[in-house]
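> Quick one: structure below, then a few questions.
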Amino acid sequence: MAQTPDGISCELRGEITRFLWPKEVELLLKTWLPGEGAVQNHVLALLRWRAYLLHTTCLPLRVDCTFSYLEVQAMALQETPPQVTFELESLRELVLEFPGVAALEQLAQHVAAAIKKVFPRSTLGKLFRRPTPASMLARLERSSPSESTDPCSPCGGFLETYEALCDYNGFPFREEIQWDVDTIYHRQGCRHFSLGDFSHLGSRDLALSVAALSYNLWFRCLSCVDMKLSLEVSEQILHMMSQSSHLEELVLETCSLRGDFVRRLAQALAGHSSSGLRELSLAGNLLDDRGMTALSRHLERCPGALRRLSLAQTGLTPRGMRALGRALATNAAFDSTLTHLDLSGNPGALGASEDSGGLYSFLSRPNVLSFLNLAGTDTALDTVRGCSVGGWMTGRADWRAGRGGLGPPAGVANSLPPQLFAAVSRGCCTSLTHLDASRNVFSRTKSRAAPAALQLFLSRARTLRHLGLAGCKLPPDALRALLDGLALNTHLRDLHLDLSACELRSAGAQVIQDLVCDAGAVSSLDLADNGFGSDMVTLVLAIGRSRSLRHVALGRNFNVRCKETLDDVLHRIVQLMQDDDCPLQSLSVAESRLKLGASVLLRALATNPNLTALDISGNAMGDAGAKLLAKALRVNSRLRSVVWDRNHTSALGLLDVAQALEQNHSLKAMPLPLNDVAQAQRSRPELTARAVHQIQACLLRNNRADPASSDHTTRLQPLGLVSDPSEQEVNELCQSVQEHVELLGCGAGPQGEAAVRQAEDAIQNANFSLSILPILYEAGSSPSHHWQLGQKLEGLLRQVGEVCRQDIQDFTQATLDTARSLCPQMLQGSSWREQLEGVLAGSRGLPELLPEQLLQDAFTRLRDMRLSITGTLAESIVAQALAGLSAARDQLVESLAQQATVTMPPALPAPDGGEPSLLEPGELEGLFFPEEKEEEKEKDDSPPQKWPELSHGLHLVPFIHSAAEEAEPEPELAAPGEDAEPQAGPSARGSPSPAAPGPPAGPLPRMDLPLAGQPLRHPTRARPRPRRQHHHRPPPGGPQVPPALPQEGNGLSARVDEGVEEFFSKRLIQQDRLWAPEEDPATEGGATPVPRTLRKKLGTLFAFKKPRSTRGPRTDLETSPGAAPRTRKTTFGDLLRPPTRPSRGEELGGAEGDTSSPDPAGRSRPRYTRDSKAYSMILLPAEEEATLGARPDKRRPLERGETELAPSFEQRVQVMLQRIGVSRGSGGAEGKRKQSKDGEIKKAGSDGDIMDSSTEAPPISIKSRTHSVSADPSCRPGPGSQGPESATWKTLGQQLNAELRSRGWGQQDGPGPPSPGQSPSPCRTSPSPDSLGLPEDPCLGPRNEDGQLRPRPLSAGRRAVSVHEDQLQAPAERPLRLQRSPVLKRRPKLEAPPSPSLGSGLGTEPLPPQPTEPSSPERSPPSPATDQRGGGPNP
């Protein structure tokens, strides 16, 4: 048994490795418990974050004890005998003895290094206690890597800490966190840890990630916004705040925190003296007074003051606000530190009950506040109860001198009430840049005193950039004082003044007209929603006179009733936009409901010289406004931003704007109109998506920077001069060299010691090289502020402008000389000279037409060049570090090879049983580190990549399956008799994995491939497969109807819808009788019937409902109304319907039906579905046309083609009708028309026909209907009636038949299956079959005395055929009628002869039989024994 220097055999080492797999063993030490001696063998296996004490006397191995390094509270080392004592959380004391001091020191170094990775600021003195010898402790300190030489892991070792905590708590390691940290935070240099990035994880995983921040030195901010924190996460946040000294910012907004959390947070901060917290935001959490009192107490005593404090919308009361104000006023550190204070959204916190000792006491002191937000706190903005500013300030000074700032004296709170502007004018007027006092009261008393505090503050302000007074209901005097103070201040520039919703009205408009021109400090003015109305005319004129206003918001002020006044206002705004001297650049008329009035502004954009931003959202201008906007964008080149949401714009309007942006290259920003897009998406989603994508593509094109510059910018990110895989390679190589050094040991001889020293130097140089990369990046990315370079570039731009002007002048002069020489008489007038001077005047601003970013682009190019230089230098440094590490590792490998000749056998048997082979240095390295060897081979084989995109350190799959597991086939796939596809790929080859111990899989036999040219076929391809059958449970109470087997003649032997016919053939309610003619014996014995189509829509949806035809016929309408069968006569609209082409199954039946009477009434009317009704032309009166209306023409793809009437045919029919003189009836028809007006539309048939009972004659103009068929009983002739115009109708029928034959339509001359209908009236007798000319066909079955078909019991062989089966037929075998309608009719309807007249004046006699020639088999009608679904037996 081969023994290693540490006394552990190779077999035992392999057994331990397999026992602890997949965990990686880093160090094995032989040990024993005190008193047992060396006879009792134990091995201490040290992993990365955990130690295992294994009992190795007998196999299998047994774990006697295991503990995490984070459980170690203290360690005590002893040299004689060499032993260590652990103080653990789970065990009070664990003593282990080792064979030598070297093993003891290795254990101490490994545990100390692991603990230091988790706790970077820990020291060896805290970990090792007495009786640890000082000499041993000194050796351990010298051997432990320092922070400068220790390779830096991503984000300050966050992942290592997180992994250690997962091992300590027994939780799985989440790779999502590892990926985010490696890919996002580290590569982008982000020090802001957001819990929202991991909100999809469980609360325990989230709590572990927060706990890993407790001792992290990289992250500076922890934020959680709009996310409810669980109790575990809250506890870890409190623990982190009590331990972390590097976290500077804590943002917990809208996290459902309560006052108890704030109290505990204050306690945690109070107990941590070295806390680095400087920014705190608890906005959106309901904090009670106790929580605010505890936080205020901490803020009052903390040595390090906060820079930012946000307590917006926290439910602060006046008591909590007073406590906070006193804390800020008491701690003098806040005067020079606090710059951002947000207390907005706390109504009543600064109300009338607030005294002078609260927040105003801090604001009145000199401080450095730059951001103050007190919106919605009910604070008084100016003087209350007439108190003067000077007296209030004097009293406050006396009070502060007498009480030292701890509280106001008696009576001060009543005599000196608080004022906001009075306080800030004394305290922070020189440093305040943002003041938001919106939604507050200006004054609580009606005082006529001038608001001196407001005017005083505005005259003293120096750096103010934003003043928000929205919703404060400013009186005219306050507005006048406001503008006067701004007029007196000569220090302010670019101030944004928000006066929206202040109810200024006419008085405020007059003040603004008088003083806005003098307020030169205001560059942006928001006057929205102030009810100006008609005063907008003069107000716009006053705004146009201002020379400082660049942005004006006038929305929600156009509530003008007079249209002329509104037009006047809009035209004044247009003049303001087109004025060359007006500096206005941005205009907002949002939420004004201008509708078509916005078109005036949009037309003005075509000639706009200055406007760069426009907001026209909320004006309901529709698609017309969108089209005008599109036209303006085609010619406008000054606009940079357009906002146009909430305008009722459809997809067409969006598409117009998108197409206009194709020609606009200057628009940079157009926020997506979400409301309009959401509405348009519902109606036309495809067109909307196309328009949105086109808009975004055009904006991206307009904002695209130089591709070379963008490539450099993305490549050279912070901490990214060298790609992360290169840094990872350096770190891995450092680790590999360190492992070689540890493997070499101390007794390696002079050459080994030299190799170790070289390796240590290489590691130190590599770590130092990586540490200077951020310095190189800062040096390369620092902006160039060389004033000489800037002056030269600006001078160069001026020179370019002068050259352009000179070029234009030369071109103009040459053009004039040429024009004068060619046409001197045309240039004698003076008008052309004025026009030419106007054009040349535009060349004065030619330097402004040069690229606006030319100067910035020049500095950007310089920065990119500097980054390229530093990047090249960084790459060379890293390359040198890699070369040094590789050389050191090669030297160590040579030393290991020389040492192996002494400690290991010189030769090993060959794997194939041949002669033993000597080990080369590379083979020895592959023996110890097979994974690294394979990785190097893969790197050598793969092409080199200078800038890899993905880090090699990202292991998204933590577990590696062994080769045996990969090669083992699944039982289902390997079982014989199954359709198993051959497996290919690396998983099927069974290559052994080095990381997976176990016996290697044997080589698989080679597969015999077919010769070239022969296709690869699976061996089970020809195997017969069983027929798939789906057994459906029959419905309760339904008859068991066996499904009909498919016909072989139809070519449907393999159907894909087995079981569908069984489903459709079963009924929930028993049917006793059903109208069905008998089957034709000729059809049964002749051609093979085509399978029937699927019953759809009304035919199958209401299959459980008994049809009306099953009920007995009734002769009296009064006694039994509505159920008697009604005979439906063929109308003129049925004549004009195009007949269908017969199928194969119909030809034989049609040939047999040629022997019957050729009466037109006997022709079977084609049965159309609702969609196919688009081909029918119905003649209805004008009133019926208005009542019914026309449905849109919706057709299916299979219905287009030969069955469609051409427009020319319809025109010919109309000409025929005009020739024969069809007109409206009169006389007795009027009475019948009035009587039957209530029953104009009786009911809809199963195929969508609307039964019309009107007797009114149709107009001469023919209009196609999609779903209406006239069935007027008054139009139906009697048994023997013949009108005088029968010859005319006969001629029309012959012409129609000839027209149909010329178009190639199938002629149906034989008798169709007559459909039994209901009698139209109880007093009218139904015509007999003899009088109607109906043939006595045996296939139709017997008839009753009324000429109706008698009902027949339900056939047992009925079944439903799916649509898929019908589509499998060949096109030649599928009849045209199947293409038109798959709807199954409930019963055939009896066809009546067409009415000879359409009104009462045309007679009531039926047409005589029309003799026709027998048709050919191609034109034969369908057999009566076959229904319209393809020739199957009729039900």
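Keep in mind that glycine also has a Cβ here, set from the backbone N, Cα and C atoms.
The feature phosphoserine is assigned by Swiss-Prot to Ser991, Ser993, Ser1120, Ser1246, Ser1315, Ser1420. Summarising the annotation, Swiss-Prot assigns omega-N-methylarginine to Arg1303. For 573-667, the entry in Swiss-Prot reads region 'Tropomodulin-like'. Per Swiss-Prot, the feature repeat 'LRR 1' maps to 64-88. What Swiss-Prot records for 335-362 is repeat 'LRR 6'. Feature annotation from Swiss-Prot assigns repeat 'LRR 7' to 393-423. Under the heading repeat 'LRR 9', Swiss-Prot lists 461-481. Residues annotated as repeat 'LRR 13' in Swiss-Prot: 581-604.
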> Using DSSP, how many residues of the repeat 'LRR 1' (64-88) fall into helix, strand and coil, respectively?
3 helix, 18 strand, 4 coil
> Could you put numbers on the helix, strand and coil content of the region 'Tropomodulin-like' (573-667), residue by residue per DSSP?
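DSSP classes over the region 'Tropomodulin-like' (573-667) add up to 44 helix, 9 strand, 42 coil.
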> For the repeat 'LRR 9' (461-481), what are the DSSP-based totals of helix, strand and coil residues?
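Across the repeat 'LRR 9' (461-481), DSSP assigns the residues as follows: 6 helix, 3 strand, 12 coil.
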> Which residues of the same chain, at least 6 past either end of the repeat 'LRR 1' (64-88), have a Cβ under 8 Å from a Cβ in it?
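For the repeat 'LRR 1' (64-88), the list is 34, 42, 49-55, 94-101, 103-104, 107-108, 111, 114-115, 118, 127-133, 136, 164-165, 167-168.
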> For the repeat 'LRR 6' (335-362), what are the DSSP-based totals of helix, strand and coil residues?
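Tallied per class, the repeat 'LRR 6' (335-362) gives 5 helix, 3 strand, 20 coil.
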> On average, what pLDDT score does this prediction assign to the repeat 'LRR 6' (335-362)?
85
